[in-house]
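J.: In case it helps, TrEMBL gives these features for our protein:
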type     : residues                                              : note
DOMAIN   : 7-187                                                 : domain 'Ketoreductase'
BINDING  : G13, G14, A15, R16, N91, Y156, A157, A158, S159, K160 : NADP(+) binding site
ACT_SITE : Y156                                                  : active site, proton acceptor
Amino acid sequence: MRRLDNQVALVTGGARGIGKEIALALAGLGAKLAVNYNRSAEAADALAEQIKQLGSECLAVQADVSRSDQARGLVGTVIEHYGRLDVLVNNAGITRDKSLKSLTDEDWEAVIHTNLNSVFYTTSAVCPKMMEQGHGRIINISSFVGQSGNFGQSNYAASKGGMIAFTKSAALELAKYNITVNAVAPGFTSTEMLAMVPEAIQEKLLAKIPLRRFGEPKEIAQAVVFLASEGGYITGQQININGGIYM
Ligand code: NDP
């Protein structure tokens, strides 16, 4: 894959799980990294150290991306530090799984603010710089449930479906500036998010996956790196990496 030397990449929620593997894979191609975290300060510091040992630069930045001021401040901090921003990966996400009869306004809002509103905040904040550069790659980590829906995940599925619609609309608006906007939609992937699902339910999920295993964070990261590196003519698309659970 084409190297990303001299390019700067920001991964939201990048200290652990899928985001961590994305950050490592981008650094492996030579990109300078900014890793955002909200609560995982120690993990973010450890990752920054690991990336520096790989020979790349890394800045760890605390911000709660569900808040407009903090998400926009995050983008500003990265641009101020590196002078540019080429790759934005909107990865931060949460679940609050409940069936509709017990889902509260707070459950709904927390998921929509974190998973969807954050994508608008960071994307709109990064646009002026990417337009000025005449180059940008925005990659949104969605989910297959944004297309299929899922029992007990009306808030999460709505946030991920919203991300897909946002991705296509932003791709249309930003194409003339050579900014591509795409989504990567994982299926069930082995991280702490999946570990929160009770084991009995995990067994049932496995049985529904044609490839009969959960995805690995590295498999998601490879698609992100492909879009960042070789995806110059791909925009407004969604890459599904889900073991065949949704086709
Ligand atoms: P994890 O629960 O393992 O990690 C979630 C990440 O999001 C953490 O780094 C966390 O940061 C960050 N985050 C959460 N809230 C905020 C916030 N307000 N501000 C900044 N960062 C925040 O999840 P995964 O790695 O599994 O998920 C990554 C993405 O992939 C998510 O968008 C998720 O929806 C999506 N996805 C995951 C699937 C799976 O099966 N694992 C399936 C489909 C999609 P911190 O720890 O610092 O708070």
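Glycine residues also receive a Cβ, built from the backbone N, Cα and C atoms like all the rest.
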J.: Can you tell me how many other Cβ atoms are located within 10 Å of the Cβ belonging to A157 (NADP(+) binding site)?
T.: 20
J.: State, in Å as a whole number, the widest CA to CA span among the NADP(+)-binding residues G13, G14, A15, R16, N91, Y156, A157, A158, S159, K160 given in the record.
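T.: Comparing all Cα pairs, the maximum is 25 Å.
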J.: I'd like to verify something. Among the binding-site residues A15, A157, S159, which ones have a C-beta closer than 6 angstroms to some atom of ligand 1?
T.: A15
J.: Have a look around N91 (NADP(+) binding site) and count the other CB atoms within 10 A of its CB, chains all included.
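T.: Cβ-Cβ neighbours of N91 (NADP(+) binding site) within 10 Å number 28.
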J.: Let me check the 10 A CB neighbour count of A15 (NADP(+) binding site). How many other CB atoms are there?
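T.: Looking across every protein chain shown, the total is 24.
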J.: Quick one: of G13, Y156, S159, which of the recorded positions has the smallest count of other CB atoms within 10 A?
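T.: With the recorded positions G13, Y156, S159, fewest surrounding Cβ atoms within 10 Å: Y156.
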J.: Where does Y156 (active site, proton acceptor) sit in the DSSP three-state scheme?
T.: helix
J.: Take every residue in the domain 'Ketoreductase' (7-187), average their pLDDT values, and give the whole-number result.
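T.: Across the residues of the domain 'Ketoreductase' (7-187) the model's pLDDT averages 98 on the 0 to 100 scale.
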